[in-house]
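> Can you keep this structure in mind? I'll have questions shortly.
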Amino acid sequence: MMEYSVETAVATVADRHHPTPGVPVYCPTLNILTTWKLILWMFPSTFASKYLKASQRILSLLDQCHHMRQIKQIQSHLTVSGTLLDPYVSGKIISFCATSHLDDDALFHGYSLFLRLQNRTTFIWNTMIRGFAENNQSFNAITIYKSMLDTYFPPNNYTFSFVLRACADLSDLFIGLQCHGQVIKYGWESYDFVLNGLVYLYATCNCMDSGRRLFDMSVVNRDVITWTSLISGYVRSRQVVIARKLFDQMPEKNVVSWSAMINGYVQVGMFEEALELFNCMQTCGVRPNQAGIIGALTACAFLGALDQGKWIHAYVERNKMELDRVLGTALIDMYAKCGCIETARSVFDNMSNRDVFAFTSLISGLANHGQSGSAIELFVRMQNEGVAPNEVTFICILSACSRMGLMDQGLRIFNSMNEMYGIEPGVQHYGCLVDLLGRAGMLEEVKKVVREMPMEPDSYVLGALLNACRIHGDVELGKETVESLVERSLDHGGVHVLLSNMYASANQWDGVVKVRKGMGDKNVRKIPGCSLIEVDGMVCEFVCGDRSQSHVLLEEMESWLIGIDKHLKSICFDDEF
């Protein structure tokens, strides 16, 4: 009879109210004012046998949840059974909401449960800190940590691993130093997770000396994460030589270490070294991850290493890697810069989820390949699909309008930046506008734009103005423009050569002599031309007039060129040479 009364009591309270700790509810079966806590206290064994086992079965369904609605259904069952009051049960739901990465709604739903929970454990505190830290809510993670200290809950080593990462993500060295002091106070400095967090903090905040001291002092506790954190810090501060020395000293490397070093080379423009390391990684039997692949694709794009880029694309398809927005955009950029614009378009079309970066990459590629009309069509499609352009998108599309001579459309797009999207035009956008108006021969309007633009014109703007002067033969304005470039120390050999050619086109030979003499007096040299060619996966660079790093087959190639020259002359093309 007693067992029946307990079940009936629980069911009665569940039917009348959502169970709330401490809120009395009249139960006719027992003829008392009762609460869930009282029922649990009066009949613990009966309740445990009837409800806690069922709750564990319900909790096992959490891993199959993909929507907030499903989580709330599970929570409702636990609420009705009364087991949501148990710290273990509530902790499971809070943990899933905080770490499942479903969405921000799940995270904040877990936080609302956390706030209502009376018996919080260190595990639950750590779970909430971790949830916010891993969901780019670092400020909230630190706020919860402060609340934890205010309620006299002692943090453990796992607490600091999450808090230090949150400080690093905010680049908040001040709070990070306080946390370091608390690490020492509580005696957790010798633990691997904490050491890694401290090294990562100092490396992220560009305090490489402090990070290196911790690293050197902790010889025993170093692991691959510690090494990689320090290497990433040196990479971030563009000290790739030191980073590579550390990388070579690593006793054990993982794919994250390889990817960090590859991307470090890419960041400082050492693209050949990046590809060399990428190839070495595969020789060592390490399967590249997405970060390493994107770094290698970026290097291929800048070097024009099409064969290597195609191999990487084939690797992605062979291993059925998801063509997400980041990887898809990297492939589009690589193919576009290597001259395969149709393949770039094919990759774009095969992407299931396209963002502003994917659109911008293809728009830029189309414009650079002389397909400005297609670039403008894609820009319109982008707007129709609800994807808002960014600053780089506008630079690309304004350049496309300039090349096609679409002045009116270009002006409308320029004006829409602020009016429709709230983007203030930058100096490069004004450079595109100057080029657009200059190509149309509207030099007075160009001078007005340069005079009234809200920032000082740079070499991009003045270079566009100088090019307009060349097109329309305005030597005087060209001379003034070059003088402006010289005043701002923005001149280089190409600027003076362009002015010299303008004088020559106008038959002003005295001006040509004067410019050339000035270049000699100032030791100004024209930037030499260069070309890249890929042979058997190796990218070779040839710079005009540079024999300091001669190719191994340079003499043989020169002899072939001489032979071709003689052959062409022998078949009556003499007046072309």
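Heads up, the Cβ atoms here are built off N, Cα and C, so glycines get one too.
Per TrEMBL, the feature repeat 'PPR' maps to 121-155, 223-253, 254-288, 355-389, 390-420.
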> Where else in the chain does the repeat 'PPR' (390-420) make close Cβ contacts, counting only residues six or more beyond its ends and a cut-off under 8 Å?
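Non-local partners: 356, 359-360, 363-364, 366-367, 370, 372-373, 375-376, 379, 382, 426, 428-429, 432-433, 435-437, 439-440, 442.
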> Using DSSP, what is the helix/strand/coil residue split across the repeat 'PPR' (254-288)?
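Helix/strand/coil tally for the repeat 'PPR' (254-288): 26 helix, 0 strand, 9 coil.
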> Which residues of the same chain, at least 6 past either end of the repeat 'PPR' (355-389), have a Cβ under 8 Å from a Cβ in it?
325-326, 328-329, 332-333, 335-337, 339, 341, 344-345, 348, 396-397, 399-401, 403-404, 406, 409, 413, 421
> Over the span of the repeat 'PPR' (121-155), how high is the average pLDDT in this prediction?
89
> Counting by DSSP secondary structure, give me helix, strand and coil numbers for the repeat 'PPR' (223-253).
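So the counts come to 23 helix, 0 strand, 8 coil.
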> Report the DSSP secondary-structure composition of the repeat 'PPR' (355-389) as helix, strand and coil residue counts.
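Per-class counts: 26 helix, 0 strand, 9 coil.
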> What is the number of residues in the repeat 'PPR' (121-155) that are helix, strand and coil, as DSSP sees it?
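Across the repeat 'PPR' (121-155), DSSP assigns the residues as follows: 26 helix, 0 strand, 9 coil.
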